[in-house]
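Record features (TrEMBL):
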type     : residues : note
TRANSMEM : 6-23     : transmembrane segment
TRANSMEM : 32-53    : transmembrane segment
TRANSMEM : 73-92    : transmembrane segment
TRANSMEM : 118-142  : transmembrane segment
TRANSMEM : 148-166  : transmembrane segment
TRANSMEM : 178-196  : transmembrane segment
TRANSMEM : 223-243  : transmembrane segment
TRANSMEM : 263-295  : transmembrane segment
TRANSMEM : 315-341  : transmembrane segment
TRANSMEM : 387-410  : transmembrane segment
TRANSMEM : 417-435  : transmembrane segment
TRANSMEM : 469-486  : transmembrane segment
């Protein structure tokens, strides 16, 4: 192995050890799940930012820029909008309600286990995707620099994320995310400018990129345009990457982790600013990779990103790839933690009565099982696009995000409306995705029957066939419709208790 490999493996070993060291402060389930409610503004900001800049925000954005163009830099705008929105409109309600998972909103408001469990199912669809992507990206890097089998890389990646999560807890991820975010942004930016200089400057990068795009038969003006991926794709990206965020349970954990309520809004907005930088840097790396090696997608494109870093020099390349690992760990660890807390709190009703020690033990056991299963999936499946796979997971969380918004901001919302809004949105979006995957290919153009019928629908709709549109529009319509048609009148006492505790949003975005 060369210097690059030693830098990367050393980075992984260091943060695995850091998690073990930090574990000394996790004496209860609250310490592990919400950091004991002790985080300041900057620690909160870096912890939250880390959830948005994982494998999808680095390799995912870079890979899609390589294959489709710089329009995928919109992911940076969406990252800022997502975290700012949660900070302004949802973080304080989560804290006031003392939630450990977002599905508990429906239990507190309606006493509804079915809404809570359904929300958990939707969110777990996203979290499973994230938990699969992260060891996949680590394995891609480790394989690229060591030559080891991909399966070995997956084992290393899954083990590091699981070990760090089990030992470090939420506070551990927040502390180390300060280092991760700095290494990610400055490390990748440094290797990008070094690679650009090696290629002969920006003008030479543009010239080489155009040549590679011509060779691949791609539209050059479209590739270089921020709207080249199409407005339908841009809007779908916003729906998936932004609108879903209030239902991402990890932000309920972080909302309770701040030492003061006043830290939440500035903390989340600062997190959005940090998270927005990452896709820009990743897109820059994608442009340089495409100029150097061509417009490949899938695993080949991701390996080319690793090769660009290595070609910049063994030490610099090692730092750059360690930065990507930092992004993966910073995102994977809190998401895995959120997955475990949701599974325990939403799917094990008896967990309400667990002692702190027993709940902490169950959290850690579930984390190990969940993380190991996700690592196996990372080894078993192959991805054409990490970012597109993640956006599908995001889209599945949009229905509960809409339902939570209605519950917080429209008191008339009923349990029946919330349940059917979430269910129809989730099933509708998932059905659309399955049909698109099955019948949108050109091989169905003249086969007759339903396959050809759906192919023609896809051709008519174009990119507007994205399932995210259904996951947004269905619950937006269904929830108020059912609420108006079937109002619930025997709910006043529970409603008054819930909204008294929740309060109302004020002009300065505080709640009282």
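Placement of Cβ uses the backbone N, Cα and C atoms for every residue, glycine included.
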Report summary line: Quick tally over 73-92, 118-142, 315-341, 417-435, 469-486 of CB pairs under 8 Å to the transmembrane segment (178-196) gives the top stretch as 315-341
Query raised in the report: Same chain, outside the transmembrane segment (223-243) by at least 6, Cβ under 8 Å from its Cβ: which residues?
Result: 68-75, 78-79, 81-82, 85, 209, 213, 391-392, 394-395, 398, 401-402, 462-464, 466, 468-469, 471-472
**Report entry** For the transmembrane segment (118-142), sequence-distant contacts whose Cβ falls under 8 Å of one of its Cβ atoms, 6 or more beyond its ends
**Finding:** 8-9, 12, 54-56, 58-60, 101-103, 105-106, 148, 150-154, 156-158, 160-161, 244, 247-249, 299, 302-303, 306, 321, 324-325, 328-329, 331-332, 335-336, 338-339, 342-343, 346-347, 370-371, 374-375, 377-379, 381, 383, 386, 389-390, 392-394, 396-397, 399-400, 403-404, 419, 422-423, 426
Query raised in the report: Restricting to the same chain and to residues at least six past its boundaries, which positions have a Cβ under 8 Å from a Cβ of the transmembrane segment (387-410)?
Result: 56, 60-61, 63-64, 72, 75, 89-90, 93, 102-103, 105-106, 109, 115, 118-119, 122-123, 125-130, 133, 236-237, 239-241, 243-248, 417-418, 421-426, 429-430, 433, 466-468, 471-472, 474-476, 479-480, 483, 502, 505
Requested in this report: Quick one: find which recorded stretch in 73-92, 148-166, 469-486 has the most Cβ pairs under 8 Å with the transmembrane segment (315-341).
Outcome: 148-166
Query - Among the ranges 73-92, 148-166, 263-295, 417-435, the one whose Cβ pairs under 8 Å to the transmembrane segment (469-486) are most numerous - result: 417-435
Report task. Please indicate, using numbers and ranges, the residues of the same chain that are 6 or more beyond the transmembrane segment (73-92) and have a C-beta under 8 Å from a C-beta there. Result -> 48-49, 52-53, 57, 61, 65, 226, 234, 237-238, 241-242, 245-246, 251, 254-255, 261, 264-269, 271-273, 275-280, 283, 387, 404-405, 408, 505, 509-511
